[in-house]
């Protein structure tokens with residue numbers, strides 16, 4: 001898309017009086033800072049009359065099923081809420097325009113007004129917990145929403161006809177410099193055996209991209225008089241739910257149970273390959289997945305990267321992965337080691353420089369809503385939200401009663 005112009009996502013209110021424009025739907029967390037959420041809102045001043053236009057950014061953690069919300073009590077906690085008054089522009093909310101905002105205001109005209117939000121790095125990334133087959137309503141997890149609406153003040157009830165809601169996501173990508181190869185070893189002494197059993201395991205690298213096979217090297221030195229009957233290899237996802245207190249959930253996402261045996265006074269060495277796929281884990285309720293946008297599929301949640309000492313500050317869901325290697329020993333119990341690793345998407349390649357479109361060339365894209373091939377080549381595309389099985393789409397959500405965003409609701 002980069003060679004056809006700058007893609008800009010748009011979404012209008014049901015009555016068409018407010019339209020929000022965003023340059024992207026995923027905002028990257030660089031550990032120390034997060035990409036700013038910058039966009040513009042196009043308003044109809046004649047429709048607004050004496051009312052104002054507000055834009056709100058909310059990071060929320062839904063930790064219970066939506067159908068269990070009763071008596072005004074919801075299983076949801078707002079982790080972050082920020083408001084700006086976009087129209088008329090409030091002096092305290094004025095910030096320098098980004099390049100995207102300058103271009104959009106130039107293109108859309110005098111009734112386009114900017115808004116910018118800074119996402120604190122300590123906020124969690126967008127994560128969805130996979131619903132069970134019988135679950136209905138919005139899935140549990142962490143999501144981010146930009147909402148624009150017109151009202152006389154922030155306390156006023158928000159009506160769906162003159163409001164716009166867009167779900168965005170906060171994402172992280174794999175670091176460019178991987179850590180050392182994960183290795184682990186353990187030695188176990190058994191009763192009635194003078195010498196020990198030694199297990200050593202390692203991975204071929206520390207960072208794996210989604211869909212890549214994980215190579216596990218296993219080396220066993222069995223100097224005991226016992227037999228290793230079986231070797232079990234598993235990839236486990238750990239999700240730390242940090243809210244009122246911290247609870248950890250673990251879920252195997254790939255497993256291999258090999259009938260390899262290691263006789264007494266012998267050694268064994270073998271390489272195993274496992275590839276964790278969401279497709280093989282569709283029925284596991286509570287499995288952490290990457291936050292979604294639009295109606296495309298997602299994947300297992302990426303590992304969470306944090307600054308040193310930041311784990312005590314973060315609320316939400318922290319995801320990590322480990323490979324577990326377990327030896328089943330006859331009449332002796334199990335011997336096991338764990339190898340932590342990172343599972344993420346690679347950092348996308350930088351978009352190529354903007355190219356002016358020749359006069360005789362017209363960009364063609366089936367998903368385009370508007371396009372302009374003149375001085376500022378901006379392509380407008382409908383902002384469509386992704387959803388998981390069991391989640392309601394935008395139309396159904398807009399039929400819900402929408403409360404007013406307040407900072408003291410946190």
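The backbone N, Cα and C atoms fix where each Cβ goes, glycine too.
Note that the structure is predicted; figures quoted are calculated from it, not measured.
Per Swiss-Prot, the features are as follows:
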- 1-163: region 'Interaction with SRC' (REGION)
- 45-86: region 'Interaction with CHRM2' (REGION)
- 47: phosphotyrosine (MOD_RES)
- 250, 255, 324, 326: 1D-myo-inositol hexakisphosphate binding site (BINDING)
- 318-410: region 'Interaction with TRAF6' (REGION)
- 345-367: region 'Disordered' (REGION)
- 347-358: compositional bias 'Basic and acidic residues' (COMPBIAS)
- 389-410: region 'Disordered' (REGION)
- 404: phosphoserine (MOD_RES)
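In three-state terms derived from DSSP, residue 326 (1D-myo-inositol hexakisphosphate binding site) belongs to an extended strand segment. In this view, residue 326 (1D-myo-inositol hexakisphosphate binding site) is surrounded by 17 other Cβ atoms within 10 Å of its Cβ, with every protein chain counted. Other residues of the same chain near the 1D-myo-inositol hexakisphosphate site, with their Cβ within 8 Å of the Cβ centroid of 250, 255, 324, 326, are 232, 233, 234, 235, 236, 252, 322, 323. Other C-beta atoms found within 10 angstroms of the C-beta of the residue listed as 'phosphotyrosine' number 13, with every protein chain shown included. Around residue 250 (1D-myo-inositol hexakisphosphate binding site), the same-chain residues at least 6 positions away in sequence with a Cβ under 8 Å from its Cβ are 236, 237, 238, 239.
Here residue 255 (1D-myo-inositol hexakisphosphate binding site) is positioned 60 angstrom away from residue 47 (phosphotyrosine), judged by their C-alpha atoms. For residue 255 (1D-myo-inositol hexakisphosphate binding site), the same-chain residues 6+ apart in sequence whose C-beta sits under 8 angstroms from its C-beta are 232, 233, 234, 235, 274.
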